[in-house]
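S.K.: I'd like to ask some things about the structure below.
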């Protein structure tokens, strides 16, 4: 009976440790995604650049970095 109790305690500790490690991994993934979000927001929401078919004189003025003649074009 003592061996069974010890075995159950060890199993409970291992399961709780595994659950804690999974939770930390999931939080790390969430942090990774949240770090990427501002760069996308800066590019499209904060504007500061001209969208597709807007007038431009240089590549740097376009959100796509592609000024063709006098308007912003797609990336390719």
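Each Cβ is built from the backbone N, Cα and C atoms, and glycine gets one as well.
As annotated in Swiss-Prot:
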type     : residues : note
SIGNAL   : 1-19     : signal peptide
DISULFID : 49-63    : disulfide bond
DISULFID : 56-67    : disulfide bond
DISULFID : 62-72    : disulfide bond
S.K.: A 10 Å Cβ contact count, applied to the disulfide-bonded residues 49, 56, 62, 72: which residue has the minimum?
M.R.: 49
S.K.: So of 63, 67, which of the disulfide-bonded residues has the fewest other Cβ atoms within 10 Å around its own Cβ?
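M.R.: Selected from the disulfide-bonded residues 63, 67 on minimum Cβ neighbours within 10 Å: 63.
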S.K.: Roughly how many angstrom lie between the C-alpha atoms of residue 72 (disulfide bond) and residue 49 (disulfide bond)?
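M.R.: That separation, Cα to Cα, works out to 10 Å.
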S.K.: Tell me which of the disulfide-bonded residues 56, 62, 67 ends up closest to residue 49 (disulfide bond) in space, Cα to Cα.
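M.R.: Comparing Cα positions, the closest of these disulfide-bonded residues turns out to be 62.
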